[in-house]
Amino acid sequence: MNKMAGVVLAGGQSRRFGSPKAFAKFNGKYFFEIAVETLRTVVEDIYIVSHPSLIDCFRQKTAEKVIMDDERYRGQGPLAGIYTVMKECEAEWIFVLPCDMPYMRPEAAAKLAKYANEKFDAIICAHFGRIQPLVGIYHRRTCKQIEKLLQAQDNRMKSLFRHCHVHYVNEQDFWEDEIVFRNVNTPNEFDDIVT
């Protein structure tokens, strides 16, 4: 069993962005490729979790494993993606990144990965007082609790945290520059990063 697998969450509707964010380009690379490269520094196996309508497009652009959410929980957000990968692979830990944080650094991912240990169920960034649940590492023992939440249609990440032992990593212990957490949700935000 591999100790850790990577997950790129790329299944959102991108309504505010107007087109699938995963395929926006920054510095000549698709957003999802930046996330894959960041994870590649700490994991061997990487899964891209996406919407069924985008699966073929991803498969044309990458050799990574591309999957869609378990159909029972499709449309329930990041928790559904994390659950699906936990069911798909045997890794003990799942390192999660969203596809829309083009400033996330491989060095930051490597630093966060060092916090994974058996005392915790999840390692989550709490950067400058803001919890960043989509930049985190989840132990597979959280899978049953995630499934319970999904069955109850409670797809809030914070609901999971109430039921598990979370280690919050702050900026002094992770990464001082807040820009690594800058995500892109709108065309204006995209214009800001490319100009």
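Easy rule for this one: first residue shown is 1, then count along the chain.
The backbone N, Cα and C atoms fix where each Cβ goes, and this holds for glycine too.
Going by what Swiss-Prot states, the GTP site holds Leu9, Ala10, Gly11, Lys21, Asp100, and the candidate of Asp45, Asp69, Asp70, Asp121 recorded there is Asp69. Whole-number maximum of the Cα to Cα distances across the GTP-binding residues Leu9, Ala10, Gly11, Lys21, Asp69, Asp100: 18 angstrom. Among the listed binding-site residues, namely Leu9, Ala10, the Cβ with the most fellow Cβ atoms inside 10 Å is that of Ala10.
In the structure as shown, the Cβ atom of Asp69 (GTP binding site) sits within 10 Å of 24 other Cβ atoms. Secondary structure at Leu9 (GTP binding site), as computed by DSSP, is strand.
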